[in-house]
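Feature annotations, reproduced from TrEMBL:
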type	residues	note
REGION	1-25	region 'Disordered'
DOMAIN	82-213	domain 'EamA'
TRANSMEM	83-101	transmembrane segment
TRANSMEM	113-131	transmembrane segment
TRANSMEM	143-163	transmembrane segment
TRANSMEM	169-190	transmembrane segment
TRANSMEM	197-217	transmembrane segment
DOMAIN	235-364	domain 'EamA'
TRANSMEM	237-255	transmembrane segment
TRANSMEM	267-285	transmembrane segment
TRANSMEM	297-315	transmembrane segment
TRANSMEM	327-345	transmembrane segment
TRANSMEM	351-369	transmembrane segment
Amino acid sequence: MVLCRGGEGDAAPAAGGKEPEVPSCQEDGAGAVQPCLRPAPGVEAAGTEERRACGCCSGMSWPCCCEAGGAGGIKKAVCPGLGLFYTILSAFLFSVASLFLKKIEDVHSVEVSAFRCVFQMAFVLPGLIYYKTGFLGPKGKRIFLFFRGFLGSTAMVLLYYAYQVMPLADATVITFTSPVFTSLLAWIFLKEKYSLWDLLFTLFAITGVILIARPPFLFGSHVTGIEGSYTNHLKGTIAAIMSTLSAASTIVILRKVGKSVHYFLSIWYYAVIGLIGCVIALFVLNEWRLPHCGRDRVFLILIGLLGLGGQVFLTKALQIEKAGPVSIMRTMDVVFAFILQVLFLNHLPTWWTVGGALCVVASSSGTAIRKWRHSVKKAKEREF
């Protein structure tokens, strides 16, 4: 999963005493906002102009995205809260895709991942052609793109396996430990700041995972509320943790690459390397088979479509809303997982799972809030 960030332009006075020309609304190839000239409130009479990028809606430049209200030029968002709505919709689509994965019978998780990669490639290919990014990327960044694709596809396969062998809510909760592991890996490899608060959130996340896994040496040999044998439950837990670590590693790689590589190119590597790896694994494991019934085939198609839809809405949410609120609202994925598990899988979660979910959601939300406040503070410092 890829997070898009938007920035604000620095304020700069207009040169000379001439009235600047308002540029037409446009966006660059990566979707970043092009700065535009907008009258600063309270200084219109003095002829001073302020240069800033407006990201209140759709990521477009002022005045196309805002309506000037009166002489003060007060902007109005087209639809307040639209970004958060997109986030909730994205979480719902991802949860339904996970439910369909649980409903599929006799299809290996690697094969499901291969179908997902095919849908990814079909979606991204027109974007690569349109933006003329090429298929390999800059020479100095290809090694990073390769590892991004390898780790991202590995995370997907492991997560799908976890969904198949353990309760839906348990696997979903473990995936939300990704923010705390991202902070830890960024501290190790990117030398980013890692505070005592980050350590506390990491311990909370680990506590949540322990409550979900319930190892026998802590909880005894009779573990209730799991699907199938405890061995499969433990395998699913390990797969979910490894998936989370792989996903966190991809985010660190994307931070290292920065904005020098187009978003579509990053997804292209993810899909191509994932498809190649899945095909090789299927032949080695001798697990390739078409679903026997039409229902499973429909589920495979729906998983691909819902996964793409969830990714599109999450990207749109991050284009028009700050990353902090989006990260917090994404925890609705856990709520949907619990609801779908009870309604359609007839599996009531245990209090251990609920406690683990509270620990994990608290740690991921706390990490998101801290990063959000830090980014707001840095933005204010840049203004001065």
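Each residue, glycine too, has its Cβ placed from N, Cα and C.
Keep in mind that TrEMBL annotations are predicted by a computer and have not been checked by a curator.
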Request  = Counting only CB pairs under 8 A, let me know which of 197-217, 267-285, 297-315 has the most with the transmembrane segment (83-101).
outcome  = 297-315
Query = What stretch in 113-131, 143-163, 267-285, 327-345, 351-369 has the biggest tally of Cβ pairs under 8 Å against the transmembrane segment (297-315)?
reply = 113-131
Key: Per-state residue totals over the domain 'EamA' (82-213) - DSSP helix, strand, coil   = 110 helix, 0 strand, 22 coil
Inquiry  = Cβ pairs under 8 Å only, please: of the recorded stretches 113-131, 143-163, 237-255, 267-285, 327-345, which one is richest in them relative to the transmembrane segment (169-190)?
reply    = 237-255
Inquiry  = Using a Cβ cut-off under 8 Å, which residues of the same chain at least 6 positions beyond either end of the transmembrane segment (267-285) come close to it?
reply    = 2, 108, 110-111, 113-114, 116-118, 120-121, 124-125, 128, 135, 137, 145-146, 148-150, 152-154, 156-157
Remark   = Spatial neighbours of the transmembrane segment (327-345) not adjacent in sequence (6+ beyond its ends, CB under 8 Å) are 84, 87-88, 90-92, 94-96, 98-99, 102-103, 167-169, 172-173, 176, 179, 314, 357, 360-361, 364-365, 367-369, 371-372
